Amino acid sequence: MASVRLATWNVNSIRSRIDRVEAFLERHAIDVLAVQETKAREEQLPLMGLQSAGYDVAAVGYDQWNGVAIISRVGIEDVEVGFPDMPGFGDPEPKAEARAIGATCGGVRVWSLYVPNGRKVDDPHYVYKLDWLARLRAAASAWVGEPTALVGDWNIAPRDEDVYDIAAFAKDTHVTPPERAAFQAFLDDGWSDLARPFTPGPEVYTYWDYYRQRFERNRGMRIDFLLGSPALAERVLGAEIDREERAGKGASDHAPVIVDLG
DNA sequence: ATGGTCGGTGGCCGA
């Protein structure tokens, strides 16, 4: 099996970030990049110079609402859109189908995921987030025996050390026991966090809010993860959070996470 | 308990 350098990155609008995306792909020689929060419709995406640079792109999205994509220089096969919004939830229908896209790249089935944010613990979106995760888990259980990666913005900080001040987050989403249990359930099913062993905490994050100079003060959260099935876990050679990508003007509020599969 | 800063949009909402 050929080696694959796989990355995930919440870009917070791919159109405003396209120069950084292209530079990132080239700088790290990324084979497959899962992108979240593209905030673009599919027909807006070919504006990128990616195709001419030799990358294939599969995307789903609607205007400013979320949107996910897979960018690959090792080909894209069998694209599948999954896990839209819950029927009857109340969100405008166009927001559906913007949270997950799967494709086979370089022999690896990659799902680019944007887990619902949840907003507040007393918000219907919070219940929806837990429902969405449960449905993803049910579907994913059928793939755990294959070389599959579930990567993206999980909007969950699984451990206390994954937020800069756990006391400040005590009443917020991302750290509640039900959300953490939902994440742990994937691990119990045999998925494993491919990057954490190579990027141990504490104070190692993938997301920093734009305001209050959170990045400069390293007050962030670890919420972006690459979960791999056992067939991938045994191939991991290393991992890196590209913290430099979060620095400077024009950065996304998330840093990319990279995993090398041998 | 708020507000701070981005992004896309259309005269605010979501993160």
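Glycine too: its Cβ is placed from the backbone N, Cα and C atoms.
Annotated features in TrEMBL:
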type: DOMAIN; residues: A:7-254; note: domain 'Endonuclease/exonuclease/phosphatase'
type: BINDING; residues: A:Asn10, A:Glu37, A:Asp153, A:Asn155, A:Asp253, A:His254; note: Mg(2+) binding site
type: ACT_SITE; residues: A:Tyr114; note: active site
type: ACT_SITE; residues: A:Asp153; note: active site, proton donor/acceptor
type: SITE; residues: A:Asn155; note: site 'Transition state stabilizer'
type: SITE; residues: A:Asp224; note: site 'Important for catalytic activity'
type: SITE; residues: A:His254; note: site 'Interaction with DNA substrate'
type: ACT_SITE; residues: A:His254; note: active site, proton acceptor
Integer average pLDDT (0 to 100) for the domain 'Endonuclease/exonuclease/phosphatase' (A:7-254): 92
Spatially closest candidate among A:Glu37, A:Asp153, A:Asp253, the listed binding-site residues, to the residue listed as 'active site' (Cα to Cα): A:Asp153
Cα-to-Cα gap, A:Asn10 (Mg(2+) binding site) vs A:Asp224 (site 'Important for catalytic activity'), nearest whole Å: 8
A:Asp253 (Mg(2+) binding site) to A:Asp224 (site 'Important for catalytic activity') - Cα separation in whole Å: 12
Cβ neighbour count (within 10 Å, all chains shown) around A:Asn155 (Mg(2+) binding site): 23
Rounded distance in angstrom between the Cα atoms of A:Asn155 (Mg(2+) binding site) and A:Asp224 (site 'Important for catalytic activity'): 7
Distant-in-sequence Cβ neighbours of A:His254 (Mg(2+) binding site), under 8 Å, six or more positions away: A:Trp9, A:Asn10, A:Val11, A:Asn12, A:Asp153, A:Thr206, A:Tyr207, A:Asp224, A:Arg246
Binding-site residues (A:Glu37, A:Asp253), the one with most neighbouring Cβ atoms at 10 Å: A:Glu37
Check: same-chain CB within 8 A of Mg(2+) site center, minus A:Asn10, A:Glu37, A:Asp153, A:Asn155, A:Asp253, A:His254: A:Asn12, A:Gln36, A:Tyr114, A:Tyr207, A:Ile223, A:Asp224, A:Ser252
Recorded positions compared (A:Asp153, A:Asp224) - the one with the fewest other Cβ atoms within 10 Å: A:Asp224
Cβ-Cβ neighbours of A:Tyr114 (active site) (radius 10 Å): 26
Reduced DSSP assignment, A:Asn155 (Mg(2+) binding site): coil
